[in-house]
Amino acid sequence: MKEIAILGSTGSIGTQALEVIRLHPDLFHAQVLAAHGNVELLLKQAHEFNPSAIVITDKDAGEKFKSSYNGSAEVYIGDGTLEKAAVRDDVDIVLVSVVGINGLLPTLEAIRAGKEIALANKETLVAGGALVIEEAKKHHTLIRPVDSEHSAIFQCLLGQDIKKIHKLILTSSGGPFLGKTREDLENVSLSDALKHPTWHMGQKVTLDSATMFNKGLEVIEAHWLFGVDYDDIDVVIQPQSIIHSMVEYIDGSIIAQMGNPDMRLPIQFAFTYPKRMETPSHEFMDWKKLSAIKILQPDYKVFRSLKLAYQAGKAGGDMTTVFNAANEEAIKAFIRSEIKFLSIFDVVEEVLDNWDVHDIHSIEDVISADKNARIASASAIQRFKC
Ligand SMILES: NC(=O)C1=CN([C@@H]2O[C@H](COP(=O)(O)OP(=O)(O)OC[C@H]3O[C@@H](n4cnc5c(N)ncnc54)[C@H](OP(=O)(O)O)[C@@H]3O)[C@@H](O)[C@H]2O)C=CC1
Ligand SMILES: CC(=O)[C@@H](O)[C@H](O)COP(=O)(O)O
Ligand SMILES: [Mn+2]
């Protein structure tokens with residue numbers, strides 16, 4: 001029986017992780033449930049899964065939760081509590097499925113405490129990849145990726161020599177705006193941007209897919225997870241989201257991981273690794289219905305996000321921390337209708353262009369770069385206000 005801490009239990013990944021746990025009650029138990037403010041769902045989850053600890057990072061929501069909860073779990077409320085719950089002695093696996101930079105500190109602490117790590121939160125590696133990977137090496141922790149592309153690559157690497165990689169090929173659906181011109185995107189709305197063609201996900205990652213900043217974040221995530229140079233990581237568009245990613249080896253052989261889009265697979269594989277288990281109710285591929293697997297090239301002119309990601313990654317130091325922070329702030333401004341969709345690219349580009357890169361030596365360096373980049377983003381947002 002593996003005891004699992006689900007950081008972000010009320011989100012898209014968190015609820016699917018609970019589905020996996022529900023389907024395998026003999027293998028897994030949700031020991032910690034953690035959320036920010038969704039008290040109603042957290043109460044239901046607490047009732048069903050009977051965890052030993054519950055985290056609510058928003059203080060008001062925490063008080064509201066406590067006034068209705070009559071179970072026996074220890075309840076943690078407020079800032080810094082994800083870290084405390086993640087390192088509990090009664091936890092084996094920590095699934096990091098909160099959104100944004102909130103994943104960074106609990107991931108670092110969980111690694112230091114010797115936990116098994118299932119990492120869905122890509123922002124953690126984009127903001128603090130150097131520190132996380134250094135810590136993972138120090139503690140002999142093999143981070144198990146949950147992000148579908150990285151889980152795919154992780155699977156394509158099983159039994160292989162990582163030194164024999166020629167290229168990693170990340171696939172992208174292309175998002176809801178595949179094939180659109182800049183003119184087409186001039187006035188797109190939040191609801192247009194939230195219509196992802198193949199995946200049902202949380203709001204932030206869905207918007208990142210629409211801008212293709214998601215793929216930019218994932219290129220950086222792949223660099224840190226697999227130790228591959230940016231020049232050896234390619235992106236192709238696979239609009240059906242059937243090929244989840246590929247590894248090309250030095251002999252020209254390409255190994256792909258495929259399947260119908262279903263996040264329960266990478267979540268479950270991160271829990272059962274190195275074993276595989278049945279994923280109940282998974283819709284298996286119907287080869288009779290599939291007449292072609294499409295591959296297209298990304299449009300780097302419309303989706304400047306990809307070019308910016310490679311630039312930030314190659315610049316190194318705190319540049320990817322800044323890339324992540326500027327993107328998070330620009331997305332929030334778009335959600336608040338302060339900037340137009342295309343200005344998400346402008347804001348991130350301006351912040352990166354005006355940033356002097358500094359080395360990262362400690363978590364304080366990351367926190368400071370993140371904070372200052374958000375201040376710089378706020379001024380850029382003012383300039384691009386609609
Ligand atoms: N959804 C997907 O299919 C995929 C997601 N990912 C990555 O996984 C991560 C989670 O994505 P997703 O599940 O879609 O996101 P959601 O927005 O659906 O869920 C986010 C979760 O994080 C919690 N949360 C939000 N803010 C905070 C905070 N400040 N402190 C602590 N917890 C917080 C939310 O709690 P509450 O509900 O209470 O606000 C919720 O449980 C992201 O990094 C995303 O990029 C990667 C691949 C696929
Ligand atoms: C499911 C998953 O891993 C997402 O990150 C997904 O890849 C987003 O789709 P895009 O390929 O459109 O960014
Ligand atoms: Mn992904």
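One-based numbering along the chain as shown.
In case you wondered, yes, glycine gets a Cβ from its N, Cα and C as well.
Just so you know, TrEMBL annotations are computer predictions that nobody has curated.
Under 8 Å, Cβ to Cβ, and six or more positions away along its own chain, Thr10 (NADPH binding site) finds Ala35, His36, Asn38, Leu41, Leu42, Gln45. Following the DSSP three-state reduction, the secondary structure of Thr10 (NADPH binding site) is coil. Positions annotated as NADPH binding site by TrEMBL: Thr10, Gly11, Ser12, Ile13, Asn38, Asn121, Glu123, Gly202.
Taking all protein chains in view, 27 other C-beta atoms sit within 10 angstroms of the C-beta of Asn214 (1-deoxy-D-xylulose 5-phosphate binding site). Residues or ranges marked as 1-deoxy-D-xylulose 5-phosphate binding site by TrEMBL: Lys122, Ser148, Glu149, Ser173, His196, Ser209, Asn214, Lys215, Glu218.
Sequence-distant contacts (6 or more apart, same chain, Cβ under 8 Å) of Glu149 (1-deoxy-D-xylulose 5-phosphate binding site) comprise Leu170, Thr171, Glu218, Ala222, His244, Ser245. According to TrEMBL, the Mn(2+) binding site annotation covers Asp147, Glu149, Glu218.
The average pLDDT for the domain '1-deoxy-D-xylulose 5-phosphate reductoisomerase N-terminal' (4-129) in the predicted structure is 98. Under the heading domain '1-deoxy-D-xylulose 5-phosphate reductoisomerase N-terminal', TrEMBL lists 4-129.
As annotated by TrEMBL, domain '1-deoxy-D-xylulose 5-phosphate reductoisomerase C-terminal' applies to 143-226.
Annotated domain 'DXP reductoisomerase C-terminal' per TrEMBL: 258-374, in sequence order.
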Between the binding-site residues Gly11, Gly202, where is the Cβ count within 10 Å the lowest?
Gly202
What residues, ordered by sequence, lie under 8 A Cβ-to-Cβ from Asp147 (Mn(2+) binding site) and sit at least six positions away in the same chain?
Leu119, Ala120, Lys122, Glu218, Glu221, Pro266
Among the binding-site residues Ser12, Lys122, Asn214, which have a Cβ atom lying under 6 Å from any atom of ligand 2?
Asn214
Kindly assign Lys122 (1-deoxy-D-xylulose 5-phosphate binding site) to one of the three DSSP-derived states: helix, strand or coil.
coil
Within 8 Å of the Cβ centre of Lys122, Ser148, Glu149, Ser173, His196, Ser209, Asn214, Lys215, Glu218, which other residues of the chain have their Cβ, at the recorded 1-deoxy-D-xylulose 5-phosphate site?
Asp147, Ser172, Trp199, Val205, Asp208, Leu217
Near ligand 3, meaning Cβ under 6 Å from any of its atoms: which of the binding-site residues Asn121, Asp147, Glu149, Gly202 fit that description?
Asp147, Glu149
Within 10 Å of the Cβ of Glu123 (NADPH binding site), how many other Cβ atoms can you find? Include all protein chains, please.
26
